[in-house]
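A.B. asks: Take this structure first; my questions come after.
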């Protein structure tokens, strides 16, 4: 039996904290850790969930493989009688995009959020037993972010008590819904509700699109796959589709009627359920993207950190623990640390703000159901802004991790190219990131205008209530160590955020109309929104550290990560902090000094900190990020497995290579 050697054991022996306790902090609770760990190992040990060959599969093979795994997941869920929580973890660790993801994460929640109890009693059992498979058809060929501009129509026919679903133009074709192209039998379709000649705007309708007998599209339905997408693997395992309707009729009771309905007589009636509840599904999706950003970034950081500790390059050779002459570990170069360690800190920061956002969402839904809308605007701004900030940072961070792995990071077997291709769409779906930041900026401008009326700012904008102090205050840092004071850091970020927002508010008054002002100042407004969102992440990380955190050395490591996250943001956005006079040039220099010191402090613990993510090698899917650090033999193995190496002489040699070498191109069949 081959002896397994841990090439990173020496690195792990340096850890100054309890890795097992940090795993619980990362998971959120002991229960969450135990369940996720058990399911992760179950998936990793099951050959039915193999994924190391994805990069060499054709599109059709990849899609069929995803179909098999989705069916196998459902089979295992039923065989093992898994709970809803366990089933969710199983789908997560299988790590293959398929129609089931859309069905469970978007289609089912849409029914729960928008259908009446009677409708839910009819449709949810079918969906929960997967007797129907659903998708979420909102985005169109011509409209994405501008939902109000959707063109698909749902016209009520009073004679037959039906809605007529129709795609009046090419650009009204539904475009992008996952699971739509080849699999879904039903779709929640968003269309303009028209009754008695009046357009009541966009509403949801439950529409069957394929036969439950032979899977053929129903009459009037044109549906298919939109084609290959960015990257190898990634979203190419799922059938993002197009959908067109030619006067397709559905019963009136298949309009999702929780907040409004059309009567038998064609009258549009709003129910007594708050229409604001309809935002629930959208806010839920955005808060899950924040959690996804933390996971995607942490996977990339785990790969880059482990490989940076294995890889040696340049430097004066010195003796290792066995007396052998070795080069310098890449992770010991300051340039590597200054690029990698802030990403590690960001992964933890996003994890904690994601936990808080999940709480905020739950609290909001409870308030909405009690007709309390006081926190809706803030929750919308938080989910929009943090979705934008974290997904953009994570996407850029994954690409930076690829670069940090040098040339080998470009190999599919590194896991990084597919990880990037699978996550980067999050910068666009559920709201384009720049559009979302502009929405946040409108919320900020409104909040500032309300300060003049004496209205108290709450929650994440509570700092705006101290506007006079924050406009005039001066940062108290006198030596580098002062930057380790959480209150000093928080005040600097609050001062920067409020000063950027106030400046935008003042400049908006110089334009003839608010519309013109928002258009001209949109780049400045985006910067103000980013500053506000970064402040939220900073404040929630600091709040996390004020909790009772158990485990030997765990809190100290989190404090170091928090300080790195904050001071690196100051370094990256130094122009903002200096131009707003939130800090002085000397204080900026001291922040850089302290940051370098923090990198040195973190260095012995970085391998243990990525181990705390508790990712199996199967889930990580990376030769470079292997737990045992046995990179080079495995890289060679992976290279030998490539289909091009199935033969010594390549297919095409006699037709295309030999004629070139033998100067016989005139006789070649080209």
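Glycine is treated like the rest: Cβ placed from N, Cα and C.
Take a look at what TrEMBL says about it:
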DOMAIN    18-133  domain 'Acyl-coenzyme A oxidase N-terminal'
BINDING   139, 178  FAD binding site
DOMAIN    279-445  domain 'Acyl-CoA oxidase C-alpha1'
ACT_SITE  430  active site, proton acceptor
DOMAIN    485-662  domain 'Acyl-CoA oxidase C-terminal'
A.B. asks: Taking every protein chain shown into account, which of the recorded positions 139, 178, 430 has the largest tally of Cβ atoms within 10 Å of its Cβ?
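C.D. replies: Per the Cβ count, the most surrounded site is 178.
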A.B. asks: Could you state the CA-to-CA distance between residue 139 (FAD binding site) and the residue listed as 'active site, proton acceptor' to the nearest Å?
C.D. replies: 10
A.B. asks: State the Cα to Cα distance, in Å, between residue 430 (active site, proton acceptor) and residue 178 (FAD binding site), rounded to an integer.
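C.D. replies: Given the Cα positions, residue 430 (active site, proton acceptor) is 13 Å from residue 178 (FAD binding site).
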A.B. asks: With DSSP, how much of the domain 'Acyl-coenzyme A oxidase N-terminal' (18-133) is helix, how much strand and how much coil, in residues?
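C.D. replies: Helix (H, G, I), strand (E, B), coil: 90 helix, 0 strand, 26 coil.
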A.B. asks: What average pLDDT does the predicted model assign to the domain 'Acyl-coenzyme A oxidase N-terminal' (18-133)?
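C.D. replies: Summarising the domain 'Acyl-coenzyme A oxidase N-terminal' (18-133) by its mean pLDDT gives 96.
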